[in-house]
Amino acid sequence: MKSRFTLAATVAVLALNAPAHADTLRLLTWGGYAPDAVIDLFEAETGHTVEVTLSNNEEMVAKLRATGGGGFDLAQPSQDRIAGPQAEFGIYKPIDMSKIDTALFIPSMLEATKTNTTVDGAVYAVPDVWGTSGLIVNAAEASSVADYTDLCNADLTGKVTYRLKRPTLIGFAFSMGLDPFAAYGDIAAYQAILDQVEAKLIECKPVVKTYWSGGDELINLMRSGETVAAMAWDTGGWKLNTDNADINFVAPTSGALGWVDTFSLPAQGRADDAAYAWINFVMQPKIAAMITEEAGNFTASAGADEFVNDALKAQYQNSFPPAAVDNIRWYPPVPAEIERIEGETLDRVQAAG
Amino acid sequence: MTPGRLSFFLLLAPLVLWLGLLIVIPHIDMALVSLRARVAPGEYTPSLQNYADFFTQPLYLVTFARTAIMSILATAITLIIGFPISYYIAKIAKGRSQASLFLMCLIPFWVSELVRTFGWIILLRETGVISGLLQWAGLADQPVEMLYNDSAMMLGLVYTSMLFMVVPLTTTLESLDDAVIEAGYDLGGNGFSVLREIVIPHAMPGIVSGCIVVFMLSLGNYLTPTMLGGKDSLWFTQLIYSQFIVRFNWELGAAFGFCLLGASSLIVWGMLRLTGQTLERTMGEGS
């Protein structure tokens, strides 16, 4: 009887111990960044399990803030949303670079992200997926649209859509010949820029059909032909291009806006090893190429381009001739105060009738 | 403590826990958040600044007033449409048809609000069903955009809250004895005076409780204004959402939340005073 009890206890202990090496990775990410095929490969190789929660930049920060950085083991906010929220709310923990296989990354992107996400000497993020936002234009009906301010052309009344979020403010400012990024450190100068952009956006309001809020909504509006020009992400344009050759992503003459989504560790994450394992796993060129095929955007993984299908490569080269790549304006880290005054501007534009 | 009192407290415990943990404690926390202002990263000081912002920024007051007026309008329209429906279900329809009519009001609520709102989008959009039908029938020579305006939003709000008006109204109207209505006609009343003197006074508790629920639902609605309203549809709940989620400004968001709570309570109180009803009577008979 006693030996049987010992046996049962041993089995129980073994059963409890076994998962100690295999963690559950709770991943807070964007749609397309963790395809099922990649998760299956990762789970088979490491024994960890992955739980995916889809979100966007603002919600990621809001979720982590609400829990003090708990509830997730790996988050993927854009690199401009790391330093500000970290200084303000302390929701991330530093990355241990010794656990990252840095050889897998494109060196210049890794360095740029490290610089942008350093707070008090500690690095808080490494780059994953990058892309741009610019214009999606139906060339058959709105070939005149080449820059953000062209979205105000009266002949496009009721045929234009864009988001009412900060990229729109930044894009219009650049298009109007202003430089909002240079004014990040100077609230008064930034407010002056915002005031001009606000006046312009209110003036343009009659031309807008609606302010889109979700990717699917935008795709539907463009695909159905209800709108012919939009401000949106490059992948949306390429997706539409696959169905309708007239529609494509166009890098605006004042420069596409470049973003980099990162890997960062929430402050109270419980499965750091699994998180590091995931980062090193998905940055392998072949795996990164699978993510590019799913999400549409390219990654910071060195050498992954070779494995991406030709159609996507062609669309990318079509939208980004070398000069347009050099012209990309990368988002610098956003100071918290800036977001607050931007918010007031956006509310006033939305309320303006 | 007697056994009777013990069981009373035991029975009360779930309710107290529910209210305390999910309503009272979070609200106290929100109240504290709303009473502080940010001075530096991670540093806060007690302040009434957030409430001052609400009352001094015209944008916030105008948005609130717009939301309240539109909600009152939506409530009125729901009542005007819902009253005849309820009257028909309660007094005119009999037996099976009564039950099936009631069920028809209920069926749309078996799917989620999101799906219902998407349904309206499919119907109303420029390349949608109604626009297509109008062109097919030759009534329009080009696509008609019916989405993204206040009327579409109002339609969505009324549709979403119809059930919550019909249920209390039907219940109160059912309790009205047919003999009373017949007596009204026997005493020389016509349709209008019977409605005004007998039916409406009897149905008042139902009307008021229906109106309170519909008004609160419209005021607190987020989905319908966002999806159907489009570019001009700033709703007060959207302001709260964007303060919390987009701007990370919980302090102002919490203050907005309390302003909404206070103002909506005030409007409901005003409505009760105006109609001479009390909350006890309304809730007792209406449900």
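Cβ from N, Cα, C; glycine included.
Where the annotation comes from TrEMBL, it is an automatic prediction and has not been curated.
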Range annotated transmembrane segment in TrEMBL (choices B:35-55, B:203-223) is B:203-223
Students should find that the transmembrane segment stretch in TrEMBL, chosen from B:9-31, B:101-123, is B:101-123
Query raised in the report: Are there three or more C-beta pairs under 8 angstroms joining the transmembrane segment (B:60-89) and the transmembrane segment (B:252-272), sequence spacing 6 or more?
Result: yes
For the transmembrane segment (B:101-123), out of B:60-89, B:151-169, B:203-223, most C-beta pairs under 8 A are with B:151-169
Contact set of the transmembrane segment (B:151-169) with the rest of its chain, CB cutoff 8 A exclusive, min separation 6+ beyond the ends, reads 70-71, 73-75, 77-79, 81-83, 85-87, 89-90, 105-106, 108-109, 113, 116-117, 120, 124, 203, 206-207, 209-211, 213-214, 217-218, 221, 224-225, 227-230, 233, 286-287
Other same-chain positions with a Cβ less than 8 Å from the transmembrane segment (B:203-223) and lying at least 6 residues past its termini are 67-68, 70-72, 74-75, 78-79, 82-83, 86, 113-114, 117, 157, 160-161, 164-173, 176, 235-238, 241, 260, 264, 267-268, 271-272, 275, 277, 281-287
